[in-house]
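Asker: This is the feature table in TrEMBL:
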DOMAIN    24-62  domain 'Beta/gamma crystallin 'Greek key''
DOMAIN    63-104  domain 'Beta/gamma crystallin 'Greek key''
DOMAIN    113-153  domain 'Beta/gamma crystallin 'Greek key''
DOMAIN    154-196  domain 'Beta/gamma crystallin 'Greek key''
Amino acid sequence: MGKVIQSKVQKKIKVYSLYLCFSLQIIFYEDRNFQGRSYETSSDCPDMSSYLSRCHSCRVESGCFVVYDRPNYMGNQYFMKRGEYADHASFGISGSVQSCRLVPQVTDTADYSKQLIFERENFQGQSHELVDDCDSIMDRYQISDCQSCRIIDGHWLMFEQPHHRGRMLYLSPGEYRSTKDLGYRGMRISSVRRIVDSC
């Protein structure tokens, strides 16, 4: 009886996850104020130029996305949640959006977020476990920054300055030996924030 109930619950979770996948959507527009040609997607897009000659505004219908000012998920990154962005300046980008990534939506994200941060590259130096947001790595752990990390669970935003300011990195589960491997030479992480499903 217990197995039957568990099976039904698992099916419901799968259906709900499938619904979330198809309900997440972002719409890009060539010009400011949602003008010009548009392109909508509910998945990753490594090169926007395949669909639009430029992108200067967008509308996030649901879900969370990370956009980049270079193709193939490179360059400066910007986190976007549900809302309207009438021009690229409204979400901090200096040029045109060139690629985007969907941030997977997971229920009860806050209960499953976990990472290990390291003081130096290649997982060297002091290490600390994080399961929640951290406004200042220096204040909490008395280390100046973190230069490598292992994301065990959840999806995270890593910031160059304390209190979630400055350049940003979006990281999903995996190992990250240094920020320069991600195209951010010289960047040091000073604060971190979880991406939760409430976005």
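Quick reminder: no glycine exception, Cβ is built from N, Cα and C everywhere.
Just so you know, TrEMBL annotations are computer predictions that nobody has curated.
Keep in mind that this is a model prediction, so the values were computed, not measured.
Are these features on the surface or tucked inside, and what are their neighbours?
Answerer: Counting residues 6+ beyond its ends, the domain 'Beta/gamma crystallin 'Greek key'' (24-62) has Cβ neighbours under 8 Å at 71-73, 80-88, 90-91, 96-102, 105 in the same chain.
Remote same-chain residues near the domain 'Beta/gamma crystallin 'Greek key'' (63-104) are listed as 20, 23-26, 28, 32-34, 41-49, 54-57, 155, 157, 167-170, 172, 183, 195, 199 (criterion: CB distance under 8 Å, separation of at least six residues from the stretch ends).
Mean pLDDT, taken over the domain 'Beta/gamma crystallin 'Greek key'' (113-153), works out to 94 on the 0 to 100 scale.
Only residues 6 or more beyond the boundaries of the domain 'Beta/gamma crystallin 'Greek key'' (154-196), in the same chain, are considered here, and those with a CB under 8 A from a CB of the stretch are 64, 66, 74-79, 101, 103-104, 106, 109-110, 112-115, 117, 121-123, 130, 132-139, 144-148.
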Asker: In the domain 'Beta/gamma crystallin 'Greek key'' (63-104), how many residues does DSSP put in helix, strand and coil?
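Answerer: Output for the domain 'Beta/gamma crystallin 'Greek key'' (63-104) reads 4 helix, 22 strand, 16 coil.
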